[in-house]
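A short write-up of the structure that comes next.
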Amino acid sequence: MKRELSVPGIAYGGDYNPEQWPEEVWAEDMRLMREAGVTMVSVGIFSWALLEPKEGAYDFSLLDRVLELLHTHGIAADLATPTAAPPAWFFRAHPEALPVDKDGRGLSYGSRQTFCPSSPAYREAALRMAGEIARRYAGHPAVAMWHVHNEYGCHNAECYCDESAAAFRRWLRRRYADDLTALNDAWGTRFWSQWYYDWDEIIPPRPTGAVPNPTHQLDWRRFCSDELLSLYEAEREVLLEAAPDIPATTNFMAMFNFDALDYWRWAPKLDIVSNDHYLQSADPESQIDLALSGDLVRSLAGGPWLLMEHSTGAVNWQPVNRAKGPGELRRNALAHVARGADGIAYFQWRAAKAGAEQWHSAMLPHAGTDSQIWRDVVRLGADLRALAEVRGSVGTAEVAIVWDWNARWAMELPSQPSGELRFHDLVRSWYEPLWRAGVAVDFVRPDADLSAYRLVLAPSLYLVDDEGAANLTGFAERGGTLAVGFHSGAVDENCHVRLGGYPGAFREALGVRTDELFPLLPGESVGLSDGGAGTLWSERVRLAGAESVTAYTSGPLRGVPAVTRNAHGTGVTWYLATLPDPDTLAALMDRIRAEAGVEPVRGTPEGVEAVLRRGPEADYLFLINHTDRPAHVAVASDATELLTGRPVPGAVSVAAGETAVVREPRRVAGWEDIS
Ligand SMILES: [Zn+2]
């Protein structure tokens, strides 16, 4: 059963850390939260040291006062278990709970998330603390949601200590049903004399003289994700026992630089999926990564979700941390809402003057209320109030992109044909032209139900099991269009190469057979017969039923097909055996989706993002103008722009850098016939 958030409309707020400030500041916090329209804040995320000054001795007086104050001011609490940062006394008592990094270096306390995920002492202390919080605040009227831990795996996804090694062995015994021969076969340990005769011989993939076994490394990544998931589930269990009706979440980090957790396995265990997303300063079009992340999180959630953390301005953890330009805060927040967020929250409410995140922006900046950020924060509060009716509506898509963490981990292991392939970058390359064209996209697992889609894209699916491969090719067989990127289908779930020619699992459905791979060097490109250039990859494709759409015009593969199209069953399959340059890829993607009958959400000028959420009575068209020119977009004759409340019959103007949200009443089926 999924529990729902009781906070009405689009929730608005951020991490509230009043413990960082003298208590006389709290009254001002409440006044300013009301002014900004804040409806929910996350509290207690890093409060462990203050809540339990010594082992077993609790002091909840601070949290009592904070929750009371929030309740008095009508602000809901997303109450955290503070387990991401155990206090110093804990590590002095349990030094064995400190993690060991890949190089065997024992880490010290003094920051956050520096504990071994497999430590029994940590687990016991964390569950005891979660239990205290749960029992004390289960009935508190301010508590609307449990915020379990914080950003699982952000800093300690992998621990290489002996305790973790033992936990890894237990996990492996479950995975291989206590059959050591099955593990040896799966890992291919006849190679390099790696055969194991005793479970105790197995250790984490610590640095060794040469490359560790690939399946060993892949199973390690799977274990590390599951180990943290078991901690989440244990805390959630304790919370649900005390408060069966309060929904629980933990904040994911589905964004460009984090790949530690298999969120497909996590998402079903959350009542409400929430995510943290930050822009990358070095990326001139970071709004595309934001959109990709939003679509991925909506897909994980299977509907609306919450943005738990985002920044109002600069962050503090990149080499250079860029502030946001005019209107960017608003465009970012509403782009998240467009892609399914039913709540917008920031790290954090009040900018810290001390501590490791003192240079991270906040809703209330160091400069105070006479600041652009504060004016933008207040404006956004009003915007979100105006969008209350959008809550619960969902976007629909005819295009699905296959996203799989196992495939990502496996492809990025060492000793690949190319060390230049990055899963996120490859997916983004294919996503980008769809984003520019305003085409709605979902993300799916390889074994997902694909019946709602016309077009399925697998830009990078190096690893796929038989079931996933059959699901994807079956989709094409039954009339769908499937496009597959190079080096996909190469290995099975155990990282064993699929024999008989590449791209293994998809060879037959694609009507091609490759006998040798020719990855390109960094910066190298090959000419393509459509005038474009191929980058990153090439391979000697032979046609086995497919037609050549584009061929290489230079290099050792001159004349060999680079892009192919095949009739498969009643559907169509495409194979992209290189990464075409962006313009060429965009033209190809246009052709593929046009043939598949996929239309953009709405025709808009270039640089104007169009996203649709569909409610029971109306469609909500989000128009986000990323350009420095005003844009005019055709809308329904009875449409209303929600942020201004004005009717926009037939067309809406969106000023440079601004955003419009247009409500278009839903047409009754057969309406045209009746009129
Ligand atoms: Zn450990």
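Cβ atoms here come from the backbone N, Cα and C positions, even for glycine.
TrEMBL labels come from automatic prediction, so no person has curated them.
The annotation domain 'Glycoside hydrolase family 42 N-terminal' is assigned in TrEMBL to 15-386. Annotated substrate binding site per TrEMBL: Arg112, Asn150, Trp317, in sequence order. Among the features that TrEMBL reports, Zn(2+) binding site is placed at Cys116, Cys159, Cys161. Taken from TrEMBL, the feature active site, proton donor applies to Glu151. If you look up TrEMBL, you'll see Glu309 marked as active site, nucleophile. The feature domain 'Beta-galactosidase trimerisation' is assigned by TrEMBL to 397-598. If you look up TrEMBL, you'll see 607-664 marked as domain 'Beta-galactosidase C-terminal'.
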Cys159 (Zn(2+) binding site): secondary structure state under DSSP, collapsed to three categories: coil
Residue from Arg112, Asn150, Cys159, Cys161, Trp317 whose C-alpha is spatially nearest that of Glu309 (active site, nucleophile), among the binding-site residues: Asn150
Sorted by sequence, non-Arg112, Asn150, Trp317 residues with Cβ within 8 Å of centre, substrate: Ala84, Gln113, Glu151, Cys154, His155, Glu357
Of the recorded positions listed as Cys116, Glu151, Cys159, Cys161, the one whose CA lies nearest the CA of Trp317 (substrate binding site): Glu151
Summary of DSSP states over the domain 'Beta-galactosidase C-terminal' (607-664), given as helix, strand and coil counts: 0 helix, 33 strand, 25 coil
Cβ under 6 Å from ligand 1: qualifying recorded positions of Arg112, Glu151, Trp317: none
Between Arg112 (substrate binding site) and Cys159 (Zn(2+) binding site): CA-CA distance (Å): 15
Cβ-centroid neighbours of Zn(2+) site Cys116, Cys159, Cys161, 8 Å, sequence order: Ala97, Leu98, Pro99, Val100, Phe115, Pro117, Ser118, Ser119, Asn156, Tyr160, Glu163, Ser164
Asn150 (substrate binding site) and Cys116 (Zn(2+) binding site), distance between Cα atoms, whole Å: 15
Assigned element (helix, strand, coil) containing Glu309 (active site, nucleophile), judged by DSSP: strand
Averaged pLDDT score, the domain 'Glycoside hydrolase family 42 N-terminal' (15-386): 97
Collapsed DSSP category at Arg112 (substrate binding site): coil
Three-class DSSP secondary structure - Asn150 (substrate binding site): coil
